[in-house]
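Sequence annotations record features per position, and here Swiss-Prot assigns region 'Disordered' to 1-221, 521-564. The phosphoserine annotation in Swiss-Prot covers Ser22, Ser24, Ser105, Ser109, Ser140, Ser166, Ser557. What Swiss-Prot lists as compositional bias 'Basic residues' is 29-39, 73-85. Annotation source Swiss-Prot lists compositional bias 'Basic and acidic residues' at 47-64, 147-160, 206-221, 521-542. Residues or ranges marked as domain 'ABC transporter 1' in Swiss-Prot: 266-510. What Swiss-Prot records for Gly298, Pro299, Asn300, Gly301, Lys302, Gly303, Lys304, Thr305 is ATP 1 binding site, and it gives sequence analysis as the kind of evidence. What Swiss-Prot lists as domain 'ABC transporter 2' is 587-802, and the listing cites sequence analysis. Residues or ranges marked as ATP 2 binding site by Swiss-Prot: Gly620, Pro621, Asn622, Gly623, Val624, Gly625, Lys626, Ser627.
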Amino acid sequence: MPKAPKQQPPEPEWIGDGESTSPSDKVVKKGKKDKKIKKTFFEELAVEDKQAGEEEKVLKEKEQQQQQQQVQQKKKRDTRKGRRKKDVDDDGEEKELMERLKKLSVPASDEEDEVPAPKPRGGKKTKGGNVFAALIQDQSEEEEEEEKHPPKPAKPEKNRINKAVSEEQQPALKGKKGKEEKSKGKAKPQNKFAALDNEEEDKEEEIIKEKEPPKQGKEKAKKAEQMEYERQVASLKAANAAENDFSVSQAEMSSRQAMLENASDIKLEKFSISAHGKELFVNADLYIVASRRYGLVGPNGKGKTTLLKHIANRALSIPPNIDVLLCEQEVVADETPAVQAVLRADTKRLKLLEEERRLQGQLEQGDDTAAERLEKVYEELRATGAAAAEAKARRILAGLGFDPEMQNRPTQKFSGGWRMRVSLARALFMEPTLLMLDEPTNHLDLNAVIWLNNYLQGWRKTLLIVSHDQGFLDDVCTDIIHLDAQRLHYYRGNYMTFKKMYQQKQKELLKQYEKQEKKLKELKAGGKSTKQAEKQTKEALTRKQQKCRRKNQDEESQEAPELLKRPKEYTVRFTFPDPPPLSPPVLGLHGVTFGYEGQKPLFKNLDFGIDMDSRICIVGPNGVGKSTLLLLLTGKLTPTHGEMRKNHRLKIGFFNQQYAEQLRMEETPTEYLQRGFNLPYQDARKCLGRFGLESHAHTIQICKLSGGQKARVVFAELACREPDVLILDEPTNNLDIESIDALGEAINEYKGAVIVVSHDARLITETNCQLWVVEEQSVSQIDGDFEDYKREVLEALGEVMVSRPRE
């Protein structure tokens, strides 16, 4: 049997990514040459491996160049498309943005209170005009950043011996797949918000981001932007105020405010506020201590009301546990009775009463589990004083001038001024932690002012008031905040105390200024130039400031010293020309009865006369006919019975509450006086200046002037008429404290008769007016002074007069 041929061992399989060449093609003899041959073989293998690696490197570089070219071409195409669609897209984007965020938007009720948009990164301008547009712009900038720097494809393994061909091709396939996913995920949508509604694109972007290396810096930036976004949203929600009659806000706690969770005081340092490009506050500090009553004073138009609104809207960082209320709008006119409008302001009480009714219904149906919760509800109602709520609301309304019938009258039956009183009553009824009142006496008569003055003297929570009524500030306030030179300055005590301290401070500043000017003059006389003298003086001030800082360890005054400026004295002086003597009586009503058609008479059988030296203040609640009495004295109304008698040479100067109706709005103040009294140009301007109207306002149309400026034009007109009798109906409205003082001094110096209706207690007391009370269709003179009248008013309301020592 022939032997089978000897089988050769199987050829080893060659693993590689090139051509498979078997080493068995060459017969190798055993012996010393074998080692030499094997060494030559591995040397050849190393050479081949090196060549293959270089080829792969070249291919990889070409592939990367192609990818970069594709990205650049795509970017150019998108840029060209974006330029063509920019106008259309921008309008569509902002329109869609406002629709999506409509519930969070703030109505532009006041131009001064616009919330400034956050500054975009890198100094780029935002496309939108609000905070949301700025945030969307930041998001689009991040997407463009990712397009400029796409994720790098996975690198292929260099070890060709340990990799199979299928495994080597896999990275390339993955890179291709990743490129396709990126091209899908990063394709620009038709607008910025399409990506928010496309879940598939969001998932693809998340897959790509998982493959990218972590970017902690970018994540932190996004987190910070999100926190800022939430803060802005909370601020805008608060500013919206749901079109309510007053602003009540409670902001979300930020990380910084969390440290102040239980804070009862407000401490804000170095804040700035600007409006219409005008800086109102620069590096100002706000300090409000709990349970103190502050009066905020300063010239008109400098930002007092703006500050109150920023606090109410929490544009400034107010501790979150302090609830803030700014009473600034009248209640809605509807079928709700006035007393119910006040009671409904306490939403917590309403919820407890509703829960009480629900739990009682459950008990009646045999549900005994509600008993425990009902007991807790009763305890909460007792703690909030719910049983006495209606009595408290009616007491407040009565003090503000509402009789029992008016308290049950629907709010739509009241005028705007009376609805404003209802709004004030709601604010007093709610008792917030910080109550802010902006000119609360403007819509009140004297009796209501007396009651409010007395009521707020017993206020136990924090109070911040803006008012031009010096008597009101003297009685109510424990501290004064003075807005001056874009800063807030604090004085302990009432307004009278502040006035004395401020005058002393101004005298000291004037002395320092004069000393500085003397030093500068000496340096100039010694050969120094003006610039050198000022520099040397500043250096001396710097040394003095550093010395004081070391002595007092004062870290607040870090600003570079500036040369002192002459202290500005805000002085207003009203003057009325003295009339010639007239024989008495110069004016009077004799047997006068008057009533409007279809109504019961306001007056019956009035009989009195007025002399040239009379000083009369007519007082009484709203609606009794005080303004009507003035119209009868001026001859603008004719009595139903009886007659008005006056001296044939008598000239009457009448200041009406609706003084704007007598002005010609298209004229300037100068033109108005020139036309009415044939005055030279300079004389007309001098007359306006005497009543505190700024020189730049002399040549502005009257329709563009503020209420206070228009009032000064009317006072100037009265002076030009040279009246024998001044009849003034609420002349202090829209005047600041300095102007009211000037008016009081002018009345005291005036030689003619004065009849005034006013709710300003200080004007009444400073002019020593006799008090004539209008009540029950008659006019009678009070025996006693103003303090006696206050006591009578409060006793009639069942109140006890608070006697607080002046600080």
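Cβ atoms here come from the backbone N, Cα and C positions, even for glycine.
These figures come from a predicted structure and were not determined experimentally.
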Integer Cα-Cα distance in angstrom, Pro621 (ATP 2 binding site) to Thr305 (ATP 1 binding site): 28
Binding-site residues compared (Lys304, Lys626) - the one with the fewest other Cβ atoms within 10 Å: Lys304
Additional residues around ATP 1, ordered along the sequence, whose Cβ is within 8 Å of the centroid of Gly298, Pro299, Asn300, Gly301, Lys302, Gly303, Lys304, Thr305: Leu483
Neighbours of Gly620, Pro621, Asn622, Gly623, Val624, Gly625, Lys626, Ser627 excl. site residues, C-beta within 8 Å of centre, ATP 2: Asp445, Val774
Among Gly298, Pro299, the most crowded of the binding-site residues [Cβ within 10 Å]: Gly298
Cβ neighbour count (within 10 Å, all chains shown) around Asn300 (ATP 1 binding site): 15
Candidate binding-site residues Asn622, Val624, Gly625, Ser627, pick with smallest Cα gap to Lys304 (ATP 1 binding site): Asn622
Fewest-neighbour residue among binding-site residues, criterion Cβ within 10 Å, set Thr305, Asn622, Ser627: Ser627
Separation of alpha carbons, Asn622 (ATP 2 binding site) and Lys302 (ATP 1 binding site) (Å): 32
For Gly303 (ATP 1 binding site), the one of Val624, Gly625, Ser627 that lies nearest, given that the binding-site residues are compared by Cα: Ser627
Model confidence over the domain 'ABC transporter 2' (587-802) (mean pLDDT, whole number): 92
Count of other CB atoms lying within 10 Å of the CB belonging to Gly303 (ATP 1 binding site): 23
List of residues, in chain order, with Cβ under 8 A from that of Gly301 (ATP 1 binding site) and at least 6 apart: Ser706
Cβ neighbour count within 10 Å of Gly623 (ATP 2 binding site): 13
